[in-house]
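As written in TrEMBL, here are the features:
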DOMAIN    30-346  domain 'PRMT5 TIM barrel'
DOMAIN    357-521  domain 'PRMT5 arginine-N-methyltransferase'
BINDING   Tyr381, Lys390, Tyr391, Glu449, Asp476, Met477  S-adenosyl-L-methionine binding site
SITE      Phe384  site 'Critical for specifying symmetric addition of methyl groups'
ACT_SITE  Glu492  active site, proton donor/acceptor
ACT_SITE  Glu501  active site, proton donor/acceptor
DOMAIN    524-696  domain 'PRMT5 oligomerisation'
Amino acid sequence: MSSSRRLSCGLDFCSVADIRKCLQYASDTGFDFVCLPIVHPRYKREFLSGKAKDRPGAFTRSELILLSTGKLCFPFSDEGRTNRKQTINEIKEQVRPSWLAGQSEKEMLAPRKKNCHLNSVYLLERLCDSMCPTDWSTMIVGKLSPYINLDFSDETTCRLSQETLAQELMYANHLGLPAVMFTLRRDNQINLARLINNKMQAGCTYQFWVHLRMESAAVAASYYLTSPDGMGDTTVVPTGQHDTWEWWNEFRSLCNFDKKLNLALEVTPDIPSSAELERWLGEPLKCVMVPTSLFVSNKKGYPVLLKAHQCLLRSFASLDLQLVVTGAVRHGSITYYQQYLDHIWQRMSAIDPLLAFARGYEDYLQCPLQPLMDNLETHTYEVFEKDPTKYNEYERAIYCALVDRIPYEERDEKEFVVMVVGAGRGPLVRASLMAAHKADRKIKVYAVEKNPNAVVSLQAQQAELWKDKVTVVSCDMREFNPPEKADILVSELLGSFGDNELSPECLDGAQKFLKEDGISIPMSYTSYLCPIQSSKLYNEVRQCKDSNKPPIHQYETPYVVYLNNKFQLSSPQSLFTFNHPNKAAIIDNSRYKCLNFKVCQKSVLHGFSGYFDTVLYQNASLCITLSILPETHTRGMFSWFPIFFPMKEPIHLLEGDNLAVHFWRLSTKKNVWYEWAVSQPVPGPIHNPNGRSYTIGL
């Protein structure tokens with residue numbers, strides 16, 4: 001299955017003499033948008049003193065040159081009159097309104113009334129202006145002047161830069177540009193961060209793209225330098241003032257991780273380590289800039305990328321970003337670069353059903369299901385039932401259990417009782433019957449379901465298909481009083497965190513009608529926790545406000561989300577394990593555990609991702625499992641996305657730090673909830689105390 005997501009590719013210009021020709025050139029060569037300076041890079045303005053301060057004329061181009069009706073924007077100029085007839089022929093069939101239908105050109109040119117200077121052409125021109133938006137807001141990313149330096153030691157330069165920045169940003173807002181790009185050339189850009197942040201807080205309509213190289217120029221140059229004596233290694237370690245990620249991290253932290261601040265990352269000839277690349281994947285990337293200098297010629301003379309850079313672009317393919325080609329044309333035509341990038345983008349495969357299913361849901365926050373409190377809708381059941389892998393594994397587990405527990409010689413005499421609790425619309429009932437058929441064993445199935453709407457589907461299938469093989473029971477499994485005890489208890493009550501849909505409480509209440517030697521499928525499940533960095537998720541959480549809940553409720557609520565734009569700070573660790581049937585003398589599903597993670601490199605903690613794995617059935621020779629843990633994810637299964645536990649405030653971490661997180665699972669007679677807190681390296685508040693923001697109803 002090839003990727004259906006089309007590549008959006010832009011073309012970068014250092015300066016532009018004619019914007020119209022520039023846009024036409026980019027369009028003809030297959031590009032979707034252009035990046036160009038708002039003001040000519042060499043046109044410096046003087047705002048304080050000097051002759052240039054009073055220089056007449058506009059400081060940059062007028063927006064009128066890009067009105068989509070072209071020369072019609074000045075309808076009564078001499079040039080406009082000369083080309084009026086030609087322009088009418090080009091547009092009258094596309095935008096002629098109903099009140100012009102059937103008019104000749106002579107009638108269109110004639111005044112509609114004797115004393116009215118407006119004719120049909122003029123009205124048509126004005127209609128075109130209102131109907132067709134300009135290209136400024138759809139095809140152009142503006143670039144700030146490169147000489148703007150707000151953190152220079154000279155006060156005059158700083159003041160001039162401040163005025164220049166204010167002027168260009170104001171004009172960008174006037175043009176309606178979708179984004180403004182500027183380059184971060186070093187660390188300690190405090191004043192620039194302050195002014196950009198002020199602009200975002202004031203409610204600017206555009207986004208900011210921060211242009212950064214993957215590796216700083218100093219690090220790249222050090223690979224080719226030798227020490228003065230010709231001995232030793234001169235390679236600069238990318239830390240502190242030479243680490244572009246630290247420049248970015250400082251800048252976005254000063255801007256409070258604002259969602260309008262995005263990253264335009266430039267690929268460098270020398271690719272950083274895999275750990276550094278993974279860290280970039282956790283940033284809000286908007287575009288990846290590919291210099292033409294990275295391309296080499298193939299046997300036919302066309303531009304191609306080296307394998308390493310191809311793999312690099314492949315790692316970015318899952319993110320919703322754009323590519324921008326920058327640099328001089330080195331292979332005959334700029335279109336070759338766009339065609340090649342589109343070619344390798346289309347070759348990015350999405351053969352995993354999970355990727356295909358999750359498309360469109362990347363980093364989209366969803367509230368976890370509460371099936372005990374709410375009756376699920378048919379759409380939800382339908383989504384779950386589309387997962388063939390999960391039910392195939394359930395069927396295999398039931399098959400193995402029947403073969404192990406009913407000897408072949410006794411297959412005609414023994415009949416096992418299988419109780420499917422939480423039967424929904426019957427997928428596990430069908431899996432049980434199919435497993436019995438394949439194993440050539442006799443079973444009797446009880447389908448227990450509390451949702452009266454789903455019971456209708458069960459009863460219909462019983463009447464039409466299952467007949468007396470299945471008994472449908474409409475009640476809560478914890479209140480069911482069966483006429484006989486079960487040999488096998490089958491359920492699919494697991495949530496994204498294993499126990500977050502109250503599987504322990506439900507199965508503990510249902511195990512009373514399980515025989516002494518009876519088994520449960522699943523037999524056990526374990527939750528896992530992993531610290532992650534994700535500015536995108538952090539900003540998504542910040543938007544989840546509710547006036548009826550505590551002001552910080554969004555930071556104390558777990559979310560189900562398909563994690564995409566994220567970086568794992570350490571490997572996941574196991575948290576809570578539940579076994580069924582529960583043989584404990586006193587059953588208590590409250591839990592507490594402290595996990596310690598070793599941070600692999602300098603990063604920012606935005607929250608914790610949660611996963612689970614489960615053992616459906618196990619004997620001496622095999623173990624049938626399901627897992628959403630990244631390292632052991634069951635291939636082809638998409639029934640569960642991970643869960644995300646956010647932090648109220650991001651925590652900056654250093655390489656080698658010990659990150660200690662405390663996690664609780666607590667309950668009352670009515671509710672279950674989680675609490676979590678970080679104690680090292682910086683102690684923080686406990687999230688969701690007493691379940692004030694989020695509980696799971698029993």
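Note: Cβ is positioned from N, Cα and C throughout, glycine not excepted.
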Residues Tyr381, Lys390, Tyr391, Glu449, Asp476, Met477 [recorded S-adenosyl-L-methionine binders]: greatest CA to CA distance in Å: 24
Cβ-based isolation winner (fewest other Cβ atoms within 10 Å) among the recorded positions Glu449, Asp476, Glu492, Glu501: Asp476
Integer Å distance between the CA atoms belonging to Glu492 (active site, proton donor/acceptor) and Tyr391 (S-adenosyl-L-methionine binding site): 10
Alpha-carbon spacing, Glu501 (active site, proton donor/acceptor) to Glu492 (active site, proton donor/acceptor), which is rounded to whole Å: 10
Number of other Cβ atoms within 10 Å of the Cβ of Tyr381 (S-adenosyl-L-methionine binding site) across all protein chains: 18
Distance [Cα-Cα, Å, rounded] between Lys390 (S-adenosyl-L-methionine binding site) and Phe384 (site 'Critical for specifying symmetric addition of methyl groups'): 9
Inter-residue Cα distance where the pair is Glu492 (active site, proton donor/acceptor) and Glu449 (S-adenosyl-L-methionine binding site), in Å: 12
Cα distance (Å, whole number) from Phe384 (site 'Critical for specifying symmetric addition of methyl groups') to Met477 (S-adenosyl-L-methionine binding site): 21
Neighbour tally for Phe384 (site 'Critical for specifying symmetric addition of methyl groups'), based on other Cβ positions within 10 Å of its Cβ: 19
